[in-house]
């Protein structure tokens, strides 16, 4: 049993990260009934922007760059955690402006539009940063490892899992416990009535979309030190995100979180016994669940089904 | 929707005038393609991918089922073609049949799991199965050669008993693929306009209504998916011949996405020929723009976004709308007031 413990812990931390990756995607699916396939590319973009900002050559005028580089890495990292998502959020805003035209039509159009956006962003990343791998520097306080029960544990994994849990809790409060969340959910359910009540629905949707893309960027920054930064990381993220949502059921917050943890455990444990096949395990998990439960674990009826 | 671009007399034909003109034009391609700076291999690729996209459109356009993992069946066909050639018998017809049958079996297996699903769940189940097949192809080194692919596949001669054609030359192979394409389009045309095809199109419009009319929706969905997978696998077999190898790359999510893009850009949702237009545009753009800039996907991505936003019915849809507009304008010019009223331009 004790042999299994590291794998279980590894799987749980991985699961929290999967849930974090899926969070922004889930927000947009759950509140707007739109599938944002550009989620993975925005996730990657967040990581690249953060790497550029914390790296030795920030994209700033020379004087400012000197000032910025004089700051300790911890400060720069903390500031980047805010600045990079804002930059990515602006891109998200652009996508939403385009996506507006597809509201009320078959959700397939939104999906295809964001697939195109994903291609464009990925190609832009390749143009700007090339195809090589990068590393995101993190402050030494959360880097390194510690010894526990004869094993070396990576501190960063626990930091990342902690942050993920915190952000998940925050988002839950926002959509379940605030009037903002209630209005947006009502808007997804019956947009005509919500408009008739005098609420500016298009601004609300813009906010939700931008928030979702910012969450994608944050997830990218948090996950980057573990996965590394390369052009393919977007695809590596969007598929698990999509999978977690379908497994948990569209429209269910806790479904997505539980699904994230399940996928993490599944990949972690499979990685322990047959590392070659660990990624396959999550697809098999999905097929097994969706074969017997049409709407995933706790899915609700949604326009995305027809 | 299909009927929009087809007159009812065309629907009943085995070979339509459009089809005939297209075949004839395609038959002249090797005569001039090198003069405009391109090469016969591009023609081969366009024909094979067109057949694949037409097969795919059976699911997306005719049945309205979002399948985003179709590359898997294309790839399985390619591997089946190669493995049949190496391990069973090196006969063109047997190997092509093997490509179609193996991909069809894989498709039928997947159809068993997904045919009760709709919308996003259907879409994602197809992605999941696509990824499963793709991972299997990459990891089973001993069978598929892993990421290096299955190499040294040869273009077997087309043996008709009395005569046998050597297909190693690209022009000869082009004509072989064109013949297959011609037969394939004729069969698909009949299938789409058969009673079976009509029921499938009815399911696309409303599953519930079709079910209430007494059709076994599950069976239709499963069978159309299987058929499409088999034909995709068949095209995959041809592609293995063209490339002289089979690679896992065509099974990846990206490549599966490309066939969706090609089909939609061309206008597969409104026209039988949409996928062919899309494939032509995509592959030609890849070669022509790709020769000028490395970032051709950037421009194609932007074009794709613009089409989804402004012309969701694709190029074929835009063309037929233009033709319609033209005839309406002609009516207006010489029409009586009654005709004007009829077309709504009398105000």
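A Cβ is built for glycine as well, from the same backbone N, Cα and C atoms used for every other residue.
Sequence annotations record features per position, and here TrEMBL assigns transmembrane segment to B:12-34 (among others). Within its own chain, the transmembrane segment (B:12-34) has Cβ neighbours under 8 Å at 40, 42-43, 47, 171, 174-175, 178, 181-182, 185-186, 189-190, 193, 273, 276, counting only residues six or more beyond its boundaries.
Taking Cβ pairs closer than 8 Å, the transmembrane segment (B:46-68) reaches residues 2, 26, 74, 119, 122-124, 126-127, 130, 174, 177-178, 180-181, 184-185, 188, 191-192, 197, 200-201, 203-205, 220-221, 224-225, 227-228, 231-232, 234-236, 238-239, 242, 253, 256-257, 259-260, 262-264, 266, 268-269, 272, 274-276, 278-280, 282-284 in its own chain, all 6 or more past its ends. The transmembrane segment annotation in TrEMBL covers B:46-68 (among others).
Tertiary proximity for the transmembrane segment (B:88-113) is limited to same-chain residues at least six positions away from its ends with a CB under 8 Å from its CB atoms, namely 72-74, 76-78, 80-81, 125-126, 129, 133, 154, 156-159, 221-223, 225-234, 236-238, 240. Feature annotation from TrEMBL assigns transmembrane segment to B:88-113 (among others).
The feature transmembrane segment is assigned by TrEMBL to B:120-138 (among others). Here the transmembrane segment (B:120-138) has Cβ contacts under 8 Å with residues 65-72, 75-76, 79, 106, 110, 113-114, 144, 146-147, 248, 251-253, 256 of the same chain, all six or more residues outside its ends.
Summarising the annotation, TrEMBL assigns transmembrane segment to B:172-192 (among others). Outside the transmembrane segment (B:172-192) by six or more residues, the chain places 2, 14-16, 19, 22-23, 26-27, 29-30, 40, 43-44, 47-48, 50-51, 54-55, 58, 62, 155, 158, 165-166, 201, 227, 231, 238, 241-242, 272 with a CB less than 8 A from a CB of the stretch.
The transmembrane segment feature in TrEMBL is assigned to B:213-246 (among others). Nonlocal intrachain contacts for the transmembrane segment (B:213-246), taken as residues 6+ away from its ends with a CB within less than 8 angstroms of a stretch CB, comprise 41, 44-45, 48-49, 51-52, 54-56, 58-59, 62-63, 65, 67, 70, 73-82, 95-96, 98-104, 106-108, 110-112, 114-116, 144, 149-156, 167, 173, 177, 180, 184, 188, 191, 196, 199-200, 202-203, 207.
The transmembrane segment annotation in TrEMBL covers B:258-282 (among others). Beyond the transmembrane segment (B:258-282), the same-chain residues lying 6 or more positions past its ends with a Cβ under 8 Å from any Cβ of the stretch are 1-2, 4-6, 18, 22, 46, 49-50, 52-54, 56-57, 60-61, 68, 70-71, 74, 188-189, 192, 300, 303-304, 307-308, 312-320.
Residues or ranges marked as transmembrane segment in TrEMBL: B:289-310 (among others).
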